[in-house]
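What TrEMBL lists as domain 'GAIN-B' is 337-507. The region 'Disordered' annotation in TrEMBL covers 358-390. According to TrEMBL, the feature compositional bias 'Acidic residues' maps to 361-371. Per TrEMBL, the feature compositional bias 'Pro residues' maps to 381-390. Under the heading transmembrane segment, TrEMBL lists 522-548, 560-578, 598-618, 639-661, 681-704, 725-744, 750-772. Positions annotated as domain 'G-protein coupled receptors family 2 profile 2' by TrEMBL: 524-774.
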Amino acid sequence: MLKRVPNCLLAELPAQYLDHYQTYKSLTAALETLNSERFRFLGVNSTEYCLPESLHLTPGKNVWWPARLGESVAPRNLCLIEQSGLPVTRRCLGDYLYGCAWDWNPGSELCTGQHRPTTSALYQYSVTSLNHSVLGEVLTRAGEILAVPEQVIPADLFYLSKTLENVPPVLEQSETGSPDEERRAYFCNVSTILSRVMYLNETTVVRSQRALNTTNILLDATETIVNRLAVANDTRAMMLEGDQYDCRDRGGAVQRHVQRHDGTVLFRTARLIVLIADPTVANVTGLALFRARNLSLEDLSDAAESSESEEDFSGYTLRYLYMNQSLEDLLAESDLEIGSFIPQHVIEGLDELNTAFRTPDDEEQDPDAPDESTTTLPSPVELPDPPVSAAPPPLRVIITIYYNDHAFRETKNGTIARPNSKIISVSLPGYGSRMPDEIPIYTREMARDLPSRCGYWSFEADNATEFGHWSYDECRLLNASDSGVSLCGCFHLTSFSRLTKDIQMVETVGVSQKLIADQGTLALDIITAIGCSMSLLGVMGIFATAALFPSWRVKASSKILLQLSCAIAIEMIIIFLEGPDIDQNRISQIECALLGGIFHYIILVTFMWMLITAYLQFMRYVKVLGQLRPAHFILKATVCCWGGPLLIVALFLSLDYTLYLKRDNLSDICYPHGRALWYGLLLPIGAIIFVNLVSFVIVLYHICTIPSNLTKSADHAMTLAQLRLSVFLFFLLGLPWIFGMLTTGTEEKLFAYLFCLTAPVQGFVLFVYFVVMDPTARRFWCRQLQRLPCCRARATKDADADQTTTSANTSFNTYL
């Protein structure tokens, strides 16, 4: 077992940073002594690093790792923010002219007191010096922690990446003498970790990547580990056997498959496949993934929809590709999913480049030198030793296939590139990333109706707000087949895919500063929960009134109110149940699409009944002559309000149900997106709100101009009635949703608070107006309460007051 390091014992600062820190402290102390009237010391800044103020943990403060300019770092002590599941962070700001300086210093009061054994274990691994004796246990334990995706928080992923970053130096110290079983376990452990990352909630992955560049650290560390293991002499013996290993947990044993003796070794997990090939043995330089020939595309699609747990590489077969593989023949295979190989002319080009790099410039023949063909050579013992040149690195081709893009997510806000196929990585350890000619990349597009481009993952950041991105240069489309397979050619070795466009909203502030935003979000959640609860209670009061008093519920106005209340109740329940924490690893895409479609449908139903209400109010208070309601109005309104939205939602679901899936934003839910959002939801809501707003203004104008012949004694009561009706109409006609629309695309919290304060209480306002403030409904309740001994006297008094204070002139009819 590994010894756990207490939080008070911090990891030592690396030597290079310790030298910078000591120089910084010495300069600061020396210059502070020069403070005088003529000289004032301001400070010492490095142009490359932000250095910690102290190396010791003190109460109320955190101890920070050094950070490069523009880098965000976590503290050396364990300090997590409960709301985000991330460690507090601090960013190194500045420039090369004035030097680097920290942003604000978050204190330890932000740290949650909650103890998470898994997070603590990964943290200890990340700050503890690893050695060969504990390496296997650390990798195994890290994979086990990821085995339960719903329990992994962003901090776990970050500390895991930092742990793997410390592994390559350990492998370098123990390159020889490692047993075959141990090296196989290393390969399987690393493959299992990456495979299980692809099962994590995408919100967890993106949040960790956005704050601390986690997945880039993870990808770089795992690639370095595999490369180190691949070029080691001990691995060559494994490759000569040509075995394939199934690393999935089956009783703890690594499963060996048939021997090929072709210079390859393959490790297969649920969502990751890694091939290491030595082309000098049997010319194997690539790997292709095929759909199972006994399954059609529809069968695989149905299996994927039936259970998320079945979405892995189980339904696929593998084939090794050789350096003389025909590009056209492979493209013509209809069941090809993804693949790549290094062509023979590229391998030969690498040899020529290595020869050129090893040949010194001064080895060109001197024209004045004697011709060796006519010169008598001295005895062999007198020949000078040939110049010793560095041996080329062993040629290894490493192909990695990723099931999804969890580890390849851009973190910028707005339009991003998203893979439209599985991802394949190609690398040649020791030969760089630039190839002498194009590498063929075969990919099958998942959505063929979307415009796609060939692209590769670049670890370089375009700006300070993102870490890594998909790039298109040095890649081009060479050909495409009728079955949906594209052939790309790329000069740059890295991870490849076919890319399309997507929209995402991400956090634009640091994790520590986001704590303030988290508190604001928590306040909005509390306000919304209280409002929804009040709304549900109000709707229950309306239904109770209808159930107890038949003469009240048979009126047309009550029937409309009951249907509007029913739609509001369903909407509030969905808001309670749905949220960004819904994990798509636990619900299928169909379930998410249906949930989003129901939410879309009930919102449209609610607004349709609001439109009907606005129409009736307009007819009552504006139109003074003629029939106020058409024949069979209730039946027609019911068909229109419940049937019209159903057609809209069914249309978008049938066209593309993926429009209702989560887009993996940090606050996304199963909800309409893209065309369904703009044309199926926002456009109808905007039109209804506009009509209701115009109706609201016209009705208020007519109400205010009606009482011209009232006596002064009734003026006050009439004013109160007008004000009451104005507030009622404002809530009833859905105008608070204007605030909701104004929150789109802005970080301003004012409209968010206004929306959360007004929209969720709509059902409660309906109950107050139609039941509590309506004399008729109130009289029904008073009579009902008279049957209770404790309420009989009070109810009688209220009923008498209603009869004496209500008149035709001062009481506005609250019926629709």
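Even glycines carry a Cβ here, placed using N, Cα and C.
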Listed stretch, out of 560-578, 598-618, 750-772, that has the most CB pairs under 8 angstroms to the transmembrane segment (681-704): 598-618
Per-residue pLDDT averaged over the domain 'G-protein coupled receptors family 2 profile 2' (524-774), given as an integer: 78
Sequence-remote partners of the transmembrane segment (560-578) [C-beta within less than 8 Å, at least six residues beyond its ends]: 528-529, 532, 535-536, 539, 542-543, 546, 553, 595, 598-599, 602-603, 605-606, 609-610, 612-613, 616, 634, 637-638, 641-642, 669-670, 760, 762-763, 766, 770, 816
Other parts of the chain folded back onto the transmembrane segment (598-618), taken as Cβ under 8 Å at six or more residues beyond its ends: 557, 560, 563-564, 567-568, 570-571, 574, 578, 628-629, 637, 640-642, 644-646, 648-649, 652, 660, 670-672, 676, 680-681, 684-685, 688-689, 691-692, 695-696, 698-699, 729, 732-734, 737, 816
